[in-house]
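To start, the structure itself, in structure tokens.
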């Protein structure tokens with residue numbers, strides 16, 4: 001019986017070692033994620049990305065685009081999505097965040113206080129749906145434009161999340177899973193998330209200075 005137990009233990013350890021070796025081989029073979037998206041892009045149908053189970057017969061072109069690839073990256077989130085963006089008025093991107101929120105993916109948004117109430121802003125609807133949103137409380141702009149997916153992928157560049165940015169402006173987004181870069185952006189998000197905690201807001205700064 002003792003010999004049988006030792007044999008089972010040895011077999012288990014051998015299996016674990018083999019699994020780890022296969023995992024490490026896979027990681028070595030896996031190509032790093034390095035993609036750059038450029039805008040503007042033509043208007044195309046994004047329903048196959050947002051609602052893959054539904055058939056769409058709209059007249060828009062059903063082709064791949066930088067915008068659809070951006071949506072694919074965001075909707076690939078399994079655990080978390082951290083978004084830091086200056087202005088957010090794209091209904092399609094708001095819809096993507098709500099899809100993630102309903103999947104119980106933790107979605108957190110940081111934005112600029114001067115622009116979050118602008119006409120067409122999606123911040124109000126996101127908050128109403130239960131998405132966690134925080135904003136700055138300073139005279140300077142919260143001008144970041146980046147997202148961190150599952151703590152493993154970062155999307156960053158010049159792009160604001162507006163229809164004009166996607167369809168009219170010359171913009172770019174870099175997508176990478178470089179560990180050093182992702183950690184830096186994750187750290188910056190967490191720093192701002194704590195800094196913009198509503199519990200620490202000073203709503204009467206003029207009284208404090210007297």
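A Cβ is built for glycine as well, from the same backbone N, Cα and C atoms used for every other residue.
Straight from Swiss-Prot, the features:
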ACT_SITE  143  active site
ACT_SITE  145  active site
ACT_SITE  150  active site
DOMAIN    138-165  domain 'PLD phosphodiesterase'
TOPO_DOM  25-210  topological domain 'Cytoplasmic'
TRANSMEM  6-24  transmembrane segment
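Where Swiss-Prot records a feature, it is marked here on the structure.
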| residue | record | Cβ contacts under 8 Å, 6 or more apart |
| --- | --- | --- |
| 143 | active site | 86, 112 |
| 145 | active site | 84, 85, 86, 156, 157, 158, 159, 160, 161 |
| 150 | active site | 76, 77, 78, 79, 80, 81 |
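Sorting the domain 'PLD phosphodiesterase' (138-165) by DSSP state (H, G, I as helix; E, B as strand; all else coil) yields 3 helix, 11 strand, 14 coil. Note on the topological domain 'Cytoplasmic' (25-210): mean pLDDT across this stretch is 92.
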